[in-house]
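A.B. asks: Pasting the feature list from TrEMBL:
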COMPBIAS  32-43  compositional bias 'Low complexity'
DOMAIN    58-94  domain 'RING-type'
DOMAIN    111-171  domain 'SIAH-type'
REGION    10-44  region 'Disordered'
Amino acid sequence: MDSIECISYSDGNDEDEIQPHRHQHQAPGPFSSSKPHSNVVSSAGIRPTTSVHELLECPVCTNSMYPPIHQCHNGHTLCSTCKTRVQNRCPTCRQELGDIRCLALEKVAESLELPCKYCSLGCSEIFPYYSKLKHEAICNFRPYNCPYAGSECSVVGDIPYLVSHLRDDHKVDMHSGCTFNHRYVKSNPREVENATWMLTVFHCFGQSFCLHFEAFQLGMAPVYMAFLRFMGDEAEARNYSYSLEVGGNGRKLIFEGTPRSIRDSHRKVRDSHDGLIIQRNMALFFSGGDTKELKLRVTGRIWKEQQNPDGGACIPNLCN
Ligand SMILES: [Zn+2]
Ligand SMILES: [Zn+2]
Ligand SMILES: [Zn+2]
Ligand SMILES: [Zn+2]
């Protein structure tokens, strides 16, 4: 990048002039010469050339640019996020940046139709440039975030990849089967902080489920919460149900529900109280009454629901 000379195309915004900015040493591309702009962007359905696509990439952060797209006096473009960070100097030519909008490029973008960025993962949809981003945020083919709750893990991927990531990188316990029996022991439950949690992964029905166990403060009261998340989409999660049971000292609490998709963050599930919630006093009572030690025995079961043609009822908390 150090060899970039500032090539001025301030005398016009046509393709011939813009092209050399990122492809200085190449011959003009197939669409670059002698064709009017409207042909370059083409009609719906025809894939735009890479070069047009690259034009809409911010040369500073390489993200796609959305209005307002800015440019310097020499015509170097940059996105609005980068503009606020460069202290009024063009990152390309170091000239004063000013406040010039690149309307021409914004218009080019408007007329583009682009494939979803997850096309390599199976999405075949094509979108106008400005609605592409909106779709990609909810695309069913988008990768999943790592469901591990204890840290801000930024790993993303498909389910098989995340399962091995949980096992290898987070050392999460893996179990097979649709029933479980877990003991959660804590010698000094008074020390429980907001961030106490445990994750176990279960494999059954050819799917993977995350069992979360967390301690947090609910209002003034410390509570424990156990819940299940499905490693897959929400629609698929509705094909399964689970129950959790905790008890001792002749008392018992049972929760039955539908696992939430890992598309919903563990925090979101937690905050919606969609799981088995145990008040700490009750938890200590289950642990043996007078003891100061927390010893909770949580048993559970996962099962597959009968076919569910209408997709099931919507849990209020799920739909906000
Ligand atoms: Zn940028
Ligand atoms: Zn510049
Ligand atoms: Zn998509
Ligand atoms: Zn992770």
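Backbone N, Cα and C define each Cβ position, glycine as well.
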A.B. asks: Mean pLDDT for the domain 'SIAH-type' (111-171), rounded to an integer?
C.D. replies: 91
A.B. asks: Using DSSP, what is the helix/strand/coil residue split across the domain 'SIAH-type' (111-171)?
C.D. replies: 24 helix, 10 strand, 27 coil
